[in-house]
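The feature domain 'Helicase ATP-binding' is assigned by Swiss-Prot to 25-182. Per Swiss-Prot, ATP binding site is recorded for Gly38, Ile39, Thr40, Gly41, Ser42, Gly43, Lys44, Thr45. The motif 'Beta-hairpin' annotation in Swiss-Prot covers 91-114. According to Swiss-Prot, the feature domain 'Helicase C-terminal' maps to 430-592. Residues annotated as domain 'UVR' in Swiss-Prot: 621-656.
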Amino acid sequence: MNHFSLISEYKPAGDQPKAIDEIIAGLNSKKRSQMLLGITGSGKTFTMANIIERTNRPTLIMAHNKTLAAQIYSEMKSIFPKNAVEYFVSYYDYYQPEAYIARTDTFIEKDSSINEHIDLMRHSATRSLLERRDVIVVASVSCIYGLGSPDLYYQMTVNLEPGKSYPRDKLLNDLINLQYKRNDMGFERGCFRVKGDNIDIFPSHYSDKAWRLSFFSNELEYIHEFDPLTGEKLAKLDKAIVFGHSHFVMPQDTVNNAISGIEEELQKRLEFLKSQNKLLETQRLNQRTQYDLEMLTETGSCKGVENYSRFFTGRNAGEPPPTLFEYLPKDALLFVDESHVSVPQIKAMYNSDRARKEVLVEHGFRLPSALDNRPLKFEEWEKFRPQTVFVSATPGPFELEETGGTVVELIIRPTGLLDPECIIKPATKQVEDLISEIQATVAKGLRVLVTTLTKKMAEDLTAYLQELKYKTSYLHSNVHTLERIEILQDLRQGTIDILVGINLLREGLDIPECGLVAILDADKEGFLRSEVSLIQTIGRAARNSEGRVILYADKMTKSIDKALSETLRRRQIQQEYNEKHGIIPKTINRAIHALATLERVDSKCDTKQAHTLFDNTAKLKANINKLNKEMLKAASNLEFEQAAKLRDQLKTLEAAARELS
């Protein structure tokens with residue numbers, strides 16, 4: 001399919017039709033940068049979706065963290081079910097980069113844990129960009145980090161068509177060059193197996209589909225898509241393209257040229273270190289690099305191969321590395337979501353990476369070429385980005401400068417909801433007053449969000465409210481992601497009534513049940529009480545018709561004054577629109593998606609209980625297969641908390657199956 005097909009029961013409403021028309025007019029007139037100022041609950045994602053459908057251009061949406069990227073991906077996936085909506089974020093569950101601390105002479109080895117499902121989705125994203133046009137890639141800002149060259153990545157593909165001849169040994173060798181592994185016993189993603197006249201391939205971009213190639217001599221007769229779990233045939237294919245199992249696959253002559261380049265740089269660097277009388281650094285660099293060269297010669301790869309990426313891509317020192325932006329077509333469209341946060345992150349990423357690597361190079365742990373394995377500099381990102389729409393409720397200085405201060409506003413909500421009423425109260429007895437406000441709000445069946453300045457204040461206030469028998473919890477950076485999801489679900493379901501946090505605006509909190517947002521010490525100027533932070537926090541109460549905000553302050557700061565003035569301006573515009581069109585504000589009643597549980601076996605169930613639930617091996621194996629498919633499906637839908645529960649249940653059943661056998 002080459003056209004986007006938006007499927008939704010809703011039509012653009014409020015400010016959305018006007019905003020969509022203005023942005024599209026700007027794109028058609030070749031404006032490079034535009035600013036979409038969308039307040040909380042105004043339907044920014046739906047507006048973006050309509051712009052994408054009408055312009056019919058491949059699109060990249062950048063978000064400032066994985067969580068927000070996942071939310072946008074999920075929404076876009078539901079709006080465009082017939083198109084390629086992809087997810088591209090860092091595939092590390094855990095990442096400790098290599099580093100050297102000179103003052104203590106401590107070297108920290110690189111340590112990481114790769115999430116296979118996210119790696120799969122990254123491959124799916126790059127494949128879609130190279131094969132079709134109806135593509136939306138939702139990415140975190142990590143997409144500006146180096147990636148394999150798109151030219152080499154596409155050059156290394158294996159194209160398969162029935163009726164053509166493929167010498168068996170050459171085909172198997174080509175698959176190995178793509179970093180696929182032969183595994184006739186365990187068939188998993190990135191593997192192939194050979195059975196008689198058939199070759200089965202499990203592509204890197206699939207989790208639940210594989211390809212069976214049926215040969216007569218060297219002639220490929222059929223390509224069947226099948227379920228790798230059950231063996232069931234799903235479809236007959238006219239052609240198939242096998243992409244590399246890594247974005248860093250490359251032909252052997254490229255590897256050989258890279259080895260020569262690395263050896264040449266090594267000799268120059270060793271001579272320089274010797275001239276500086278740095279004998280330890282000389283020995284260290286020679287030993288580490290020679291080992292890497294040996295691994296590259298024998299296997300075509302080595303640990304930390306990305307540090308030599310400049311030699312593989314053929315780029316000169318200082319040139320930008322290939323990134324996801326080089327996979328985009330020339331007429332692509334870019335949305336930068338929450339640009340007031342995303343843009344400063346992009347600016348900061350190069351400098352922090354450079355500072356760490358310069359120490360490694362200086363002390364002989366890496367060659368100077370390792371400095372070119374990096375994220376894009378901000379000015380490079382500026383050069384590479386296509387036509388861009390910045391999206392934020394609180395635009396930053398860069399976006400306003402780029403657009404000449406011209407913004408396209410989304411102020412009218414389709415629901416008719418107004419920006420919340422804001423009240424200033426003295427901070428002297430803020431906790432005492434807060435308790436009475438909590439009492440009144442909770443009595444209405446609504447929830448309360450409270451923001452403090454420090455982690456200790458959040459914990460102390462939570463403990464105090466719990467002593468008073470209020471159902472309270474707190475949220476800050478030390479709370480694990482999955483635990484945070486559970487806390488937010490508990491808040492929406494009423495298991496807890498009050499959530500205390502430090503910087504709640506950064507958590508992406510959208511709680512329709514929220515009736516009160518309390519900002520403690522609102523007059524303490526700083527990052528947490530800046531104009532942008534206050535406007536974002538006030539927005540947390542904008543999804544309920546009874547939403548209110550109390551700012552506890554003993555003096556009127558510039559930030560409070562500007563935040564309240566902007567909120568009042570928006571509220572007046574919304575009121576006038578509602579009166580003119582006879583709209584009554586209506587609270588968003590969004591469904592609460594609870595964590596699903598399986599009745600057949602609990603994750604805490606032991607193997608004896610599993611035996612009683614499934615009295616024979618056949619039943620047990622059937623349920624293991626079913627559970628495994630559900631786990632993979634949950635992971636591919638980014639329902640990681642559900643996938644983790646299914647994984648635990650799967651382990652229990654597998655242990656029971658081993659005992660029965």
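Numbers run from 1 along the shown chain.
Glycine is treated like the rest: Cβ placed from N, Cα and C.
Locations of recorded Swiss-Prot features on the structure.
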{"residue": "Gly38", "record": "ATP binding site", "Cβ within 10 Å": "25"}
{"residue": "Ile39", "record": "ATP binding site", "Cβ within 10 Å": "26"}
{"residue": "Thr40", "record": "ATP binding site", "Cβ within 10 Å": "21"}
{"residue": "Gly41", "record": "ATP binding site", "Cβ within 10 Å": "21"}
{"residue": "Ser42", "record": "ATP binding site", "Cβ within 10 Å": "27"}
{"residue": "Gly43", "record": "ATP binding site", "Cβ within 10 Å": "23"}
{"residue": "Lys44", "record": "ATP binding site", "Cβ within 10 Å": "23"}
{"residue": "Thr45", "record": "ATP binding site", "Cβ within 10 Å": "19"}
For ATP, residues beyond Gly38, Ile39, Thr40, Gly41, Ser42, Gly43, Lys44, Thr45 with C-beta within 8 angstroms of the site's Cβ centre include exactly Thr47, Ala393, Leu410, Arg413
DSSP, reduced to three states, assigns Gly38 (ATP binding site) to strand
For the motif 'Beta-hairpin' (91-114), the DSSP residue counts stand at 3 helix, 15 strand, 6 coil
For Gly43 (ATP binding site), the three-state DSSP class is coil
